[in-house]
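Structure first, commentary second.
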Amino acid sequence: GLVSGRLEFRFDVGSGMATIRDPNPIKLGEFHTVEVHRNLTQGYIIVDGGEPVNGTSQGKFQGLDLNEDLYLGGYPNYTVLTKTAGIKSGFVGCIRQLVIQGEEVIFKDLHRSSTGVTNCPTCKDHPCQNGGSCADSEASLYKCSCPRGFTGSNCQHHSSLHCHSEACGPDATCINRPSGLGYDCRCHLGKFGNKCTKGELVTTPLFDGEKSYIAYPPLTIVHDDLRVELEFKPLQRNGLMFFSGGKKMKVEDFVAISMVEGHVEFRYELGTGQAVLLSPQPVSLGQWHRVVAERNKKDGHLRVDKGPVEKRTSPGKAQGLNIHTPMYLGGVSSMDILPKPANVSKMFEGCIGEVSINNKKVDLSYSFTESRMISKCVDNSPCDRRPCLNGGECMSNIEYEYQCLCKDGFEGERCEVVRFACQSNRHCQNGGSCVDGKCVCAPGHTGLTCAENSPYQYAASFHSDGYIALPKSIFPR
């Protein structure tokens, strides 16, 4: 299928999806060739004779069992397809050749049902509208030359009135102007030009430590609680990674996450004094790390990678965070924005990956409002970020895409979803109960099937006449 102008090949042999996407957007209105190949769990896609893009499906199964008709160009029920194929609508365009296992499929010889399918138009069908002139073309069957004021493959769109399917490039969003006349192309991060076709799409930004920053809309619903989860790869020991503040109070509230002499610092002000939390160990430069910084009213917690949780409480009576500025990543538009108590003297140099606010992922490439001096972060492999959870194995698909091979019992893009772990109580160990396919563990135990001990979850309470009898074998001799 086509996803954001790029060709994508998906298959599932029964134990997990393989998603293989060519990184380059195709040119609309022209014919292209695409080859898809699968051998057991391995697959690849070739577009217009270019380099193959490889991928692997998850799990142990290898055979592909198909019991439906082959559908071309669309499907009768997209509700079924959305979760698996990730496609919500049918193909708009022409398909003129289909070859399966070396044999060409002749469409007119197939006696199957079809809906909404006609012959591909040529100049004989007079496809050009609004006075456009038609010329035969091998690349696209025909090509329309449009008069001034019209655009589109058939000159069907008024070029200056409103958004249409060809108004902007694939890495842009078309927005109609409030006046009703005209539109603007909102470029995704790293793209520029009238149609946002120039530049390189940035999904993982690199900050230069001097002038770089990205601004996002102000944070909302964070007065009482705020949780920031952020992936970062630092290249210098000092720099501001995250900031949001407020200019409407006598004492300015703010929240900031910075690198300070190689350590990660989480600092916030609620109006009656700061809380400052510092990671006990410095982080390694040039490597990916994950920080979780959160506050519940006055209480703050900070954890970097799998290190200990640092805890602090802000002084005074204030408990709410009042912030109004944009949310800044990697730096700020002007140092004047920063209050002196934030103790920031340098912007961040390095890469910032996935960012989540209160467990909601931020779309770094699309939802920004401003950016400056942003370039594309380059890794040896997307697996350098250790994205797979719960023991999943990371495999690199293409330059900036990865696939997680999940352990039994887990699924999802990052193996973050627990599958049905049980069907009855007998699948849950140590007295656990099966509830809605998941084991609810008895105190003192944890894990998918309650097989792991969790000593801090359970504490024994004694009442003068109580005791616990333990086997003598646990006492060393």
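For all residues, glycine too, the Cβ spot is worked out from N, Cα and C.
TrEMBL names the disulfide partner of Cys168 among Cys155, Cys163, Cys185 as Cys185. Around Cys187 (disulfide bond), taking its Cβ as the centre, 24 other Cβ atoms fall within 10 Å, counting all chains. Residue counts for the domain 'EGF-like' (418-451) under DSSP, split into helix (H, G, I), strand (E, B) and coil, are 3 helix, 9 strand, 22 coil. Non-local contacts of Cys168 (disulfide bond) by the CB criterion (under 8 A, 6+ apart in sequence, same chain) comprise Cys174, Cys185, Arg186, Lys195, Cys196. Of Cys146, Cys155, Cys187, Cys441, Cys450, all annotated as disulfide-bonded residues, the residue with the shortest Cα distance to Cys415 (disulfide bond) is Cys450. For the recorded site, Cys187 (disulfide bond), the DSSP three-state label reads strand.
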